[in-house]
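Visitor: So TrEMBL lists these for the protein:
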DOMAIN    8-209  domain 'Phosphoribosyltransferase'
BINDING   Arg80, Arg105, Asp132, Pro133, Met134, Leu135, Ala136, Thr137, Gly138, Asn139, Ser140, Asp201  5-phospho-alpha-D-ribose 1-diphosphate binding site
BINDING   Ile195, Gly200, Asp201, Ala202  uracil binding site
Amino acid sequence: MSSNVHLIDHPMVQHKLTLMRRKDASTNSFRRLLGELSTLMAYEVTRDVPLQEVEVETPLEVTTGKVIDGKKLVLVSILRAGNGFLDGMLEVVPGARIGHIGLYRDPQTLQPVEYYFKMPSEMHERDVIVVDPMLATGNSAAAAVERLKQLKPRSIKFVCLLAAPEGIATLQGAHPEVPIYTAAVDRELDSHGYILPGLGDAGDRIFGTK
Ligand code: URA
């Protein structure tokens with residue numbers, strides 16, 4: 001696997017992912033597990049965020065400590081399933097800003113078309129973490145990263161729960177410098193663009209719309 005793909009193989013992540021894959025997992029438990037998983041994944045994804053030294057007064061003396069500037073982080077959700085990642089990640093970085101990108105697939109060209117784009121100001125000072133549970137064809141992910149690059153953020157990472165080899169190839173082909181964090185790389189896409197073995201339609205399972 002490419003060195004820019006980070007497989008988060010912590011046993012707790014793998015355990016929860018397996019529970020989410022079960023077709024009889026309820027909407028309630030699917031959503032709860034996704035929240036827990038995204039909190040766990042956030043630890044790994046934020047491993048290299050910059051630290052600043054600050055003075056801190058303990059009950060005994062003054063010393064220096066290190067803090068992150070959470071406000072410099074932007075979690076960008078690819079609608080709608082990306083929203084399922086937000087609350088869990090915010091447990092780890094509660095000060096992060098949130099952006100949203102909405103894309104749909106044009107039925108004629110099959111290319112992603114943007115219908116919504118809302119980001120915080122001063123993106124050139126921020127580090128972006130794009131979230132979408134499923135990296136399937138990779139077309140939406142590549143289009144989202146392309147659009148974000150216009151705002152010249154300091155860095156961009158992509159985080160998903162499951163990736164298909166096809167999606168990794170598409171995203172890395174278009175944006176080789178963007179690291180991909182995933183809990184699993186599955187076998188392949190089916191003819192409808194679903195990941196196999198996968199977990200079905202992540203949006204439907206998060207929001208109970210099936
Ligand atoms: N989106 C999903 O929700 N599931 C897939 O398997 C592929 C894309």
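Cβ from N, Cα, C; glycine included.
No curator has checked TrEMBL annotations; they are predicted automatically.
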Visitor: Between all pairs in Arg80, Arg105, Asp132, Pro133, Met134, Leu135, Ala136, Thr137, Gly138, Asn139, Ser140, Asp201 (listed as 5-phospho-alpha-D-ribose 1-diphosphate binders), what's the biggest Cα distance, rounded to the nearest Å?
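Guide: The widest Cα-Cα gap among those binding residues is 17 Å.
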Visitor: Can you tell me which of Met134, Ser140, Asp201, our binding-site residues, come within under 6 Å of ligand 1 at the Cβ?
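Guide: Checked binding-site residues vs ligand 1; flagged Met134, Asp201.
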Visitor: List nothing but the one residue from Gly138, Gly200 whose Cβ has the fewest other Cβ atoms within 10 Å; the candidates are the binding-site residues.
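Guide: Fewest other Cβ atoms within 10 Å, among the binding-site residues Gly138, Gly200, is found for Gly200.
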Visitor: Sorted by position, what residues of the same chain at least six away from Ala136 (5-phospho-alpha-D-ribose 1-diphosphate binding site) have a C-beta under 8 A from it?
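Guide: Same-chain residues close to Ala136 (5-phospho-alpha-D-ribose 1-diphosphate binding site) (Cβ under 8 Å, separated by 6 or more) are Ala164, Glu166, Gly167, Leu189, Gly193, Tyr194, Ile195.
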Visitor: According to DSSP, which kind of secondary structure is Met134 (5-phospho-alpha-D-ribose 1-diphosphate binding site) found in, if we only use helix, strand and coil?
Guide: strand
Visitor: According to DSSP, collapsed to three classes, what secondary structure does Ser140 (5-phospho-alpha-D-ribose 1-diphosphate binding site) have?
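Guide: The residue in question, Ser140 (5-phospho-alpha-D-ribose 1-diphosphate binding site), is helix (DSSP, three-state).
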Visitor: Tell me, which binding-site residues from Gly200, Asp201, Ala202 are within 10 Å of Arg80 (5-phospho-alpha-D-ribose 1-diphosphate binding site) if we use the C-alpha atoms?
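Guide: Ala202, listed in sequence order.
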Visitor: Counting only residues 6+ apart in the same chain, whose Cβ is under 8 Å from the Cβ of Asp201 (uracil binding site)?
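Guide: Within the chain, Asp201 (uracil binding site) has Cβ neighbours under 8 Å at Tyr194, Lys210.
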Visitor: Which residues does Ala202 (uracil binding site) neighbour through Cβ under 8 Å, counting only same-chain ones at least six apart?
Guide: Ala81, Gly84, Pro133, Met134, Leu161
Visitor: According to DSSP, does Ala202 (uracil binding site) fall in a helix, a strand, or coil?
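Guide: Assignment for Ala202 (uracil binding site) reads helix.
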Visitor: Quick check for the class: what is the C-alpha distance, in angstrom and rounded, between Gly200 (uracil binding site) and Asp132 (5-phospho-alpha-D-ribose 1-diphosphate binding site)?
Guide: 14
